[in-house]
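Swiss-Prot annotations:
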type	residues	note
SIGNAL	1-21	signal peptide
TOPO_DOM	22-701	topological domain 'Extracellular'
DOMAIN	36-135	domain 'Cadherin 1'
DOMAIN	136-247	domain 'Cadherin 2'
DOMAIN	248-354	domain 'Cadherin 3'
DOMAIN	360-473	domain 'Cadherin 4'
DOMAIN	474-577	domain 'Cadherin 5'
DOMAIN	569-691	domain 'Cadherin 6'
TRANSMEM	702-722	transmembrane segment
COMPBIAS	802-816	compositional bias 'Polar residues'
COMPBIAS	817-827	compositional bias 'Low complexity'
Amino acid sequence: MRRGPQVALVLGLLCIYLAQANFAPHFFDNGVGSTNGNMALFSLPEDTPVGSHVYTLNGTDPEGDPISYHISFDPSTRSVFSVDPNFGNITLVEELDREREDEIEAIISISDGLNLVAEKVVIVVTDANDEAPRFLQEPYNILVPENTPAGSSIFKVQAEDKDTGSGGSVTYFLQSLHSSKFTVDRHSGVLRLQAGATLDYEKSRAHFITVVAKDGGGRLRGADVVFSATTTVTINVEDVQDTAPIFVGTPYYGYVYEDTLPGSEVLTVVAIDGDRGKPNHILYRLLNESDGLFEINETSGAISVLQSPAQLRREVYELHVQVTEVNSSGSPAAQSTVPVIIRIVDLNNHPPTFYGESGPQNKFELSMFEHPPQGEILRGLKITVNDSDQGANAKFNLRLVGPGGIFRVVPQTVLNEAQVTIIVENSAAIDFEKSKSLTFKLLAIEVNTPEKFSSTADIVIQLLDTNDNVPKFTSHYYIARIPENVPGGSNVVAVTAVDPDTGPWGKVQYSIYGTGSDLFLIHPSTGLIYTQPWASLDAEGTSRYNFYVKAEDMDGRYSLAEVFVTLLDVNDHYPQFVQSVQEKTMVLGTPLKIEATDQDAEEPNNLVDYSITRAEPVNVFDIDAHTGEIRLKNSIRSLEALHNITPSGEYSWSLQVQAKDRGSPSFSTTALLKIDITDTERLSRSSMAAFLIQTKDNPMKAVGVLAGVMAIVVAITVLISTATFWRNKKSNKVLPVRRVLRRRPSPAPHTVRIEWLKFRRAKAASKFILKEDPPNENCNNSRVGVTVPPRAPALPPPPKMASSTVAQQTVPTVSGSLTPQPSQQLPTPKPLGGPAQSSLVSELKQKFEKKSLGNKAYV
């Protein structure tokens, strides 16, 4: 009973104790590399941007009470971080710099409101490549002797980089225009004179080289970066005595004028020690004194002449001057020599002068033929030019003054004296016909003297004529028009040719030749063209002549011109009727026509007018004066009217018709015309007879009508055969024509008509007069049933001047008439003036006949 209350008491006290106990919160320790916990062994790169969330404090309270976080720093240090008290997020608020502060001490704490737990942490700042190399002990100025051996070490540069690792390692290299003479060790920074290189104080007293120091690179803000630095090393070259004296102002030329006094200074030679850093004293002397003509001052280097220049024999003297260095101890050192050229200058007191074979001369004459060969030398001119001065005063130019481009003078530049040569440059310009003589001035003028002395000489060239021109006509062609009835020996036209050459070469001889020249002559001296004494010209035979006329000089040089002669027609032919007595039949109401021809060549001589000069009885017929158509007067309209006019009551009349040309004077011819008059009723009784009567005077009309009828019959036959063939073709069968003819025989009237036409055609053709048998055009070797076409007589042979290769052909024309007529004698053509004129045919007529024969050969 007693133990129960005690136990209860103990339990009660325990509960009260437990209720009043509160345990402290604590941080989690998550180890290295964790971004939350108690920041144990936490490190942070120095390039972390300000404001970055870098860590999260994380802890807990055993009772589960709310906790808060805090971070604090030593008052003597910076507050680098801040913390969110509720969530424990730590933020960087200051930039980190490992080179200044590689560790940061901080106190972090956690509290549940009653208990506060604090811990001291060390935050390691890790390196980033944020530092560039930096050279130590700048600036770099060093002194190096110029005789330093190649490959020697001359200096060492040093740079440091505060970064660690590769970012803190430094390498060196050169970046300079003079890097070809120097080199640097990339690891140690030692500068050396490159192998094969030398220093020369006299050429370059200082060298400036740029050395670059570069780190090994590293990460910075998430990128790989490399930093570098540069410095300039000034290398001053120290002079040493290693160079001979140097002459200043070389080369040395001195001039002594011929009026210079003895003892006058000519020029001064200047030399300096080649080692300019520590120069020695210089002494001068002449190695050759030129026979005592010149001397030199040993300290100043001044050279003087000792004698009068007029006594000097040479124009140019060459001296050799030697200089010697004297060191501080007074002993000779390095030496040098230099040549000195001294020229004796002549005064310009003589102008250039021209000389001939007998002495000074200012005029030269020469005779030569025109048009000499290109490049020929005028050997007849003996010219010498001289300038008595010396040197530049005796230098002058030569040139010709006058018409340019004809001659060229050689030489063009002369020193002292030269033989003058004149060469032909333009042969065409040396023309006797243009100029009988050529005059030039030969000018010599000094080149480099201020006085510019000059001299001139006249050159006169007399030209001799040669036969270099061809006679030339005043025109390329001559046109003449003469009447056809001019008598023989009449003047036609005068041609003129001119030869500008002189003497016998300028005389011109004329001659003519060519087709059409046989009827003409030319005076050999005057060029007058006239007709042959026996020539008889006829415009109706040949109306135009053309030939060539030649003008020739005595050497055979010639030119040609063409002459055209046109014959003017003269009314010398009478109109001619075909027959002097003609019989014609006139159908009442239809005119008939008569025709006369006039053989004159041109109008109006060959135009014919017709008139009735006599009629019995009169006032029955009218005639058209231009066409020759004869018709009854309008008042006569029937045979009864005609019957009442004649006393005998006949229908036949005799008329005398006149044909008169329009020439001046005019010619006329008359013919007797017998006319039989009938009317249409009589002709209708026999249509064929009427047709024959109507075509009595025109047989070709009858032939044409018959040929037309035959052509129509043949065409109808061809159409019937073609239609039959195409009809059978549609049924894929080809039937012989004979079968078609049997099925469909020709109507009887057609047969009668064709037989009648054949009869008439054979009857009419029997009256034709054929000159030769026609060829077998059907090529069947059978002439039975073949109608022979009429043929005209063969053409006469072509003229002798025509080509013999043209074949003679026959012309298929009708040579008969439907009604026989008594033969009529054609008028005899007028002779062409004898055998000479009959053989003369113009070229135009020949071409026309050739063309006509060629065309007929293909008919």
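Quick reminder: no glycine exception, Cβ is built from N, Cα and C everywhere.
Small disclaimer: the values here were computed from a predicted structure and weren't measured.
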Composition by DSSP (helix, strand, coil) of residues within the domain 'Cadherin 1' (36-135): 0 helix, 46 strand, 54 coil
Rounded mean pLDDT for the residues that make up the domain 'Cadherin 2' (136-247): 87
Secondary structure tally of the domain 'Cadherin 5' (474-577) (DSSP, helix then strand then coil): 4 helix, 47 strand, 53 coil
Helix-strand-coil residue split for the domain 'Cadherin 4' (360-473), DSSP-based: 7 helix, 58 strand, 49 coil
